[in-house]
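Over in Swiss-Prot, the protein carries these features:
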type    : residues                                   : note
BINDING : Gln40, Leu41, Arg42, Asn72, Ser111, Lys139 : 4-amino-2-methyl-5-(diphosphooxymethyl)pyrimidine binding site
BINDING : Asp73, Asp92                               : Mg(2+) binding site
Amino acid sequence: MKKMIDYSVYLVLDPELCGGLDGMLRVTEAAMAGGAGVVQLRAPQWKKRQWLDAARALQPLCRQGGAVFVVNDQVDVALAVGADGVHVGQQDLPVAVVRELMGPQALIGLSVNHAGQLAAVPSEADYLGLGPVFATSTKKDAAPVLGLAQLAGLAAATSLPTVGIGGIAPANAGAVFAAGVDGVAVVSAICTAADPAAVTRELYALKGHTA
């Protein structure tokens with residue numbers, strides 16, 4: 001499964017921006033129609049039961065739409081619903097522990113902000129989220145902004161698939177792809193769009209695809 005993943009447009013769902021669970025389901029369905037290959041549930045303010053209810057609804061929807069479903073940080077929720085993977089940050093559970101819990105077939109992503117973190121990436125990681133590329137308001141505890149030059153340096157220094165994240169929208173996604181990443185992780189530009197499918201399709205086309 002992991003060999004077939006298209007990271008080009010990686011949707012990160014924010015319940016506040018999407019308008020709750022119903023909005024997240026609507027946005028997910030539209031984004032998959034536009035070419036999104038990975039969908040991540042990220043809801044740091046939520047209680048565990050809310051995570052579980054949302055993941056239970058999103059997992060079959062993503063499977064039906066052909067997208068990989070990833071849960072941010074909450075390994076227990078991912079296991080409970082049979083999610084495809086988990087994405088963790090530098091202060092979350094270690095990747096090796098996540099791999100042990102999730103098993104060999106799970107997709108595991110890790111956030112990276114600088115060369116020191118990149119050098120310490122464990123072998124159990126499958127892909128890296130590099131960022132924030134630009135300033136973002138969707139992550140309150142975001143690390144320092146990378147910019148395109150540092151993004152390119154990090155992407156060139158790893159053999160793992162990479163996804164740029166942080167402040168990415170159609171207006172700047174072309175430059176992010178040009179920096180050498182395999183995909184763009186997008187939150188507000190898709191979640192708040194009047195036509196999420198059209199925005200996703202536009203982002204997808206910037207990498208030279210058609211959906």
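Glycine residues also receive a Cβ, built from the backbone N, Cα and C atoms like all the rest.
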Euclidean distance between Cα atoms of Asp92 (Mg(2+) binding site) and Arg42 (4-amino-2-methyl-5-(diphosphooxymethyl)pyrimidine binding site), Å: 13
Cβ-Cβ neighbours of Leu41 (4-amino-2-methyl-5-(diphosphooxymethyl)pyrimidine binding site) (radius 10 Å): 30
Assigned element (helix, strand, coil) containing Asn72 (4-amino-2-methyl-5-(diphosphooxymethyl)pyrimidine binding site), judged by DSSP: strand
Between Ser111 (4-amino-2-methyl-5-(diphosphooxymethyl)pyrimidine binding site) and Asp92 (Mg(2+) binding site), the C-alpha gap once rounded to whole angstrom: 10
Cβ neighbours within the same chain of Asn72 (4-amino-2-methyl-5-(diphosphooxymethyl)pyrimidine binding site) - under 8 Å, at least six residues apart: Val12, Gln40, Leu41, Arg42, Ala43, Pro44, Val86, His87, Val88
Those residues of the chain, 6+ apart, with a Cβ under 8 Å from that of Asp73 (Mg(2+) binding site): Val86, His87, Val88, Gly89, Asp92, Leu93
